[in-house]
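Pulled from TrEMBL, these are the features on record:
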- 23-466: domain 'Major facilitator superfamily (MFS) profile' (DOMAIN)
- 12-36: transmembrane segment (TRANSMEM)
- 71-92: transmembrane segment (TRANSMEM)
- 104-121: transmembrane segment (TRANSMEM)
- 127-152: transmembrane segment (TRANSMEM)
- 164-188: transmembrane segment (TRANSMEM)
- 194-215: transmembrane segment (TRANSMEM)
- 314-338: transmembrane segment (TRANSMEM)
- 345-367: transmembrane segment (TRANSMEM)
- 373-391: transmembrane segment (TRANSMEM)
- 412-435: transmembrane segment (TRANSMEM)
- 441-462: transmembrane segment (TRANSMEM)
Amino acid sequence: SPSPKISTPPGNYQLTAVLVLATLISAFGSSFQYGYNVAVVNSPSLFIEAFYNSTYMERYGVPMEEEVLTLLWSLSVSMYPLGGLLGSLMVAPLVNKLGRKGTLLFNNIFSIVPAVMMGVSETIRSYEIIIVARVLVGICAGLSSNVVPMYLGEISPKNLRGALGIVPQLFITIGILSAQVLGIRNILGNSTGWPLMLGLTGIPAVVELLLLPLFPESPRYLLIQRGDDTTARKALQRLRGWEEVDEELSEMRLENQSERAEGQLSVVSLLSQASLRWQLTSIIVMNMGQQLSGVNAIYYYADSIYASAGVQENHIQFVTVGTGAVNVVMTIAAVFIVEAAGRRLLLLIGFGICCAACVLLTIALKFQESLSWMPYLSIACIIIYVIGHAIGPSPIPYVVTTEIFRQSSRPAAFMVAGSVHWLCNFTVGLVFPFLERGLGPYSFIIFSGVCLATFIYIWMVVQETKNKTFLEISQMFAKKNKVEIKQAYGDEPLKGRTAAPPPAAR
């Protein structure tokens with residue numbers, strides 16, 4: 001007999017223990033590491049550079065030249081986003097071959113191995129091993145930043161997809177905050193603690209490796225890509241907490257029918273599909289906007305802004321931790337408001353706030369010397385910017401990428417989105433020091449321009465996707481792309497009608 005819970009409106013499912021735990025374990029095991037490794041080298045940088053120098057001196061009997069040290073340190077930092085780019089390029093083949101959960105488990109290799117390498121680097125007196133390990137943890141971050149949102153988007157019911165889709169970004173911010181706290185001089189950000197601090201990134205990977213196998217694979221992957229109806233049904237029943245899942249399975253089968261003519265899309269075929277033109281443009285613009293809006297520049301150079309605002313050097317680390325805490329709190333807020341406010345509104349508010357904050361920061365930095373209260377305005381601008389980025393530009397592009405592509409094109413779409421994300425991240429890290437040297441405070445005007453351009457694009461093009469099925473969203477975009485979605489070879493087009501399940505499945 002059907003479960004009494006079936007009185008819940010179709011599609012409006014509640015959180016279940018299995019869904020919550022699968023979300024938390026995958027986000028902690030994978031997304032947390034991305035955030036942790038972004039910030040882990042910032043606080044102990046002086047001590048790691050001193051290790052590079054002393055190791056060089058032991059080997060060659062002379063101190064390392066300043067230019068060589070700067071180059072090696074730049075490599076240590078920039079190899080991380082480069083690894084992220086490599087990881088993004090691996091997304092589509094891995095998720096299609098191993099599944100979403102299988103890829104997350106495989107990805108732990110790229111965390112545990114470099115964690116050990118970085119942990120023993122001082123003992124074996126090798127700085128090269130740190131640079132290689134940074135590439136490997138970058139690959140881990142490149143895979144997890146794409147696969148976790150994909151996995152969570154596919155296991156979530158449509159009414160919770162936005163909220164659960166922000167959880168990976170929440171764990172990224174918690175990872176950043178954890179690295180900032182551990183990096184305090186009295187904890188691990190010192191001459192003896194930094195190897196342990198770098199090596200701790202392996203712990204979440206071990207937790208995920210032990211616990212994630214207990215949870216289901218994505219039912220959409222099992223049904224649509226593997227054709228395994230029985231396992232998909234069991235996985236969906238576990239995730240939803242009751243037996244009656246026919247309606248959701250019918251929606252997946254209908255999506256499968258409409259995609260059968262396309263097959264599994266590669267990146268090349270994705271780029272040439274007229275039916276995906278606006279979706280592809282949107283994820284490229286959103287990911288470029290996310291990274292080129294200056295978020296990394298704000299984080300990289302916050303310390304010098306705090307110093308110029310008169311914050312004592314030994315107190316800057318605590319102000320930085322405070323900024324990280326604001327980031328976490330605002331991302332938690334985004335989790336709770338995304339289903340009510342919608343994706344589009346949060347993106348518009350977020351990019352609008354970031355644009356205004358960059359303009360104000362430019363003015364504040366320009367008059368920093370002449371007006372005594374301007375440094376405090378600079379700090380306020382940084383905090384306002386972090387709030388704006390945390391509610392929209394940081395978490396929402398991942399949610400939207402999951403939602404606006406269907407099963408056949410989603411892996412290739414994440415591969416494109418991830419590559420753009422990491423390429424822009426790498427570019428900002430490389431170019432901003434030169435921008436700052438050439439333009440000074442005016443460099444933030446460029447970031448405000450990027451925020452404004454992204455705001456205008458979202459306003460004009462991006463449509464709201466909350467509480468819609470994947471098929472309904474693709475029909476919405478079909479109108480924009482001026483194409484019709486066919487169910488399969490020779491079938492009638494789905495002319496904008498909603499994906500109703502066949503009568504037998506109701």
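Cβ atoms are placed via backbone N, Cα and C, with glycine included.
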Same-chain residues at least 6 beyond the ends of the transmembrane segment (412-435) with CB under 8 Å of its CB atoms are 77-78, 81-82, 84-85, 87-89, 91-92, 95, 142, 145-147, 149-150, 265-267, 269-271, 276, 279-280, 283-284, 287-288, 290-292, 294, 296-297, 300-301, 397, 401, 405, 443, 446
Per the 3+ Cβ pairs under 8 Å rule, pairs at least 6 apart in sequence, do the transmembrane segment (345-367) and the transmembrane segment (441-462) touch?
yes
Interface present between the transmembrane segment (127-152) and the transmembrane segment (71-92) (three or more C-beta pairs under 8 A)
yes
Using Cβ atoms and a strict cutoff of less than 8 Å, what residues sit near the transmembrane segment (104-121) while being 6 or more residues removed from its termini?
26, 29-30, 33, 51, 87, 94, 98, 127, 129-130, 132-134, 136-137, 139-140, 143-144, 147-148, 151, 195-196, 198-206, 208-209, 212-213
What stretch of 127-152, 314-338, 441-462 shows the most Cβ pairs under 8 Å to the transmembrane segment (373-391)?
314-338
